[in-house]
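Heads up, the thing below is written out as structure tokens.
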Amino acid sequence: MTEEQSDTFYVTTPIYYPSDRLHIGHAYTTVAADAIARFKEMKGYDTVFLTGSDEHGQKIERRAAEAEENPKDFVDEIVGTFVDLWQTLGIDYDQFIRTTDQYHKDAVQHIFDTLHDKGDIYLDEYEGWYCTPCETYWREHQIGTENECPDCGRELEWVEEESYFFRLSDYADDLYSHIKENPQFIQPESRRNEMLSFIEDGLEDLSVSRTTFDWGIDVPFDEDHVVYVWIDALSNYITALGYPESDQRFEKYWPADIHIVGKDILRFHTIIWPAILMGLDLPLPEQVFGHGWLLTETGKMSKSRGNVVDPMELSEDFGRDAIRYYLLREVPFGSDGTYSTEALINRINSDLANDLGNLLHRTLSMVEQNFAGVIPAPDKKSEIDKDLKNMALKTARSVADQIDGLRYTQALEELMNFVRRSNKYIDETRPWILAEDEDQHDRLKTVLYNLLEALRFISIMLKPFMVDTPEEIGHQMGCRREIVMSDWSDLDEWGQLPVGRSVRKGDPIYPRIDLEEYFAGKEETEEVDSETEQTQEEKKEMPEGLISFREFQRLELKVAKIEEAERISGSDKLLRLVIEIGEDEKRQLVAGLARHYSAEELMDKQIAVIENLEPAEIFGVESQGMLLAAEDKDGSLSLLEPDVRVEPGAEIS
Ligand code: MSP
């Protein structure tokens, strides 16, 4: 690398398909890229962070047709939601590329022309399978007997058409050597081995144009063909920098330092993309990092499975910083991990409310109580102080190394260890005892100064990960500007916090969230939402407050017998019940009965149950129905039981 290049840093996310709204899995890639970009910026690199949208291809054309819109209008609308989402999550990208932008289209045609002129692209017939959702070609030997996509499991389509081909096979040896000789090129290590064996199995030439639909960039010398969407999409990483124009940006920032992508699209980025770059005589990116999947308890997130988690909604409920923190703290970057709202809330409560929030609140309260809210100048030193200071300096260095290696989980773990160490410093120095003794006031000044300085370190180290929290901590410490303007070199020395500023203690930055209340509130909102979805017609016909007979008939009310009952751990209201609701038919219910009945009392009781209520997860346990109980004035609950015992499953009408 030349002197000039080493000062730049170019990071990219994949460009997203605007076929659907983005979910938390998509946000995962972008938050991760945003963190490294913010960090490099703080380290003084001239950073470019690119993201965008991948708007062509058969999949989008079909979605647009289903929506009865022309493809451009269709994508315009969805891309608008991407931009909103990135803004909500505080994604500070430098450039947003759309593959429908004219400069990109021109550049892709140039790339196609160049490879064709060179003999790397030739005309032939394609016969084989195609996965439209993945926009991927598959050969017979790569798929099983079911004709399902080996990547996504969806049905493949048989394609027979004239197509231009790229001589991918010619690049197999060079690619293999490059991956072998440059261990950093594909990370994590395990993914590198996967890609090497993929090449060992043999590379075939790649079909790079389609004739059976129109929504794409025209092949410049043959208007019957559109460019294969992956060639179009991958090229974005260089067209965004102005390639092929001899643009200073391209010269300055290419090759990219890192492409961050999900593991599902690593093959495109480490085999097809480098081969194209080799064909164009361009240098290859320094690294392609393939991160793992963010799954839900019911598997991979997808609209068809109905298990997508909406990052906008989460951000409204918990704030963007908590989401960003959770995404990067919870799952080691590179591995698969499971998203759960319960884990998110637990993480907020333990790390952000308890450890971080308390440290700030306790420290500022003591500054207010003892020094009229003014940051005191430190005085005498002691061993305990040195320990805190050394740990701050060491943590700053080590967190930087971890972020550099995209080991976000470890970075945040170390950062939080320092937060906990700072809380321990309060316990060790016992400022409330020092405050009682006039002679100890100098010592108290030092202790509080050190705590505030620790908070300065913490808020600066949080800046790659969080957007508002560091600023808010700075604001409450009376040093907002310093924190906002700070870069990583402000962590080189201990003791830079200005004295004499007035602190402004506010509300706790992360109030604790009550898991039970949160889920109960969610259920209520969902009920209201589904009510609003009822057809207006039905509503119009009915006088206010009444339901129609048709609506009543939709309820399936039955008698059930309780077979098992137990407390749900962590909740003082909820019980998990197993009920028999017909011959050999068992159901699980979650009921808020724990304060009214013991588990033993409930055994064998016959109860009334709504059978066809949509299942809901309450406190991490699925509830498949709802029992009926009467609530007395004092709030006590009494179960509704049949007058005489009946067979479980008997209908209530
Ligand atoms: N358009 C292509 C990328 C072209 S890049 C030249 C594409 N788009 S995508 O919208 O389907 O996916 C974008 C990114 O989101 C990919 O990195 C993908 O791996 C990531 N994720 C989508 N769902 C995800 C999870 N559930 N978990 C983690 N990442 C996920 O692929």
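Each residue, glycine too, has its Cβ placed from N, Cα and C.
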Of the ranges 220-224, 300-304, 570-574, 585-589, which one does TrEMBL list as motif ''KMSKS' region'?
300-304
Long-range CB partners for the motif ''HIGH' region' (16-26) (under 8 A, at least six residues beyond its ends), listed in sequence order, are 51-55, 57, 59-60, 63, 74-75, 78-79, 81-82, 85, 262, 293-294, 301, 303, 308-311, 314, 323, 327, 339
So what's the average pLDDT for the motif ''HIGH' region' (16-26)?
90
Give the sequence-ordered list of residues that share a chain with CYS149 (Zn(2+) binding site), lie 6 or more positions from it, and have CB atoms under 8 Å from its CB.
CYS131, PRO133, CYS134, THR136, TRP138, ILE143, GLU155, LEU156
Same-chain shell around Zn(2+) excluding CYS131, CYS134, CYS149, CYS152, C-beta within 8 angstroms of the CB centroid, reads THR132, PRO133, THR136, PRO150, ASP151, GLY153, ARG154, LEU156
Candidate with the highest Cβ count within 10 Å, taken from the binding-site residues CYS131, CYS152:
CYS131
When DSSP is mapped onto helix/strand/coil, what comes out for CYS131 (Zn(2+) binding site)?
strand
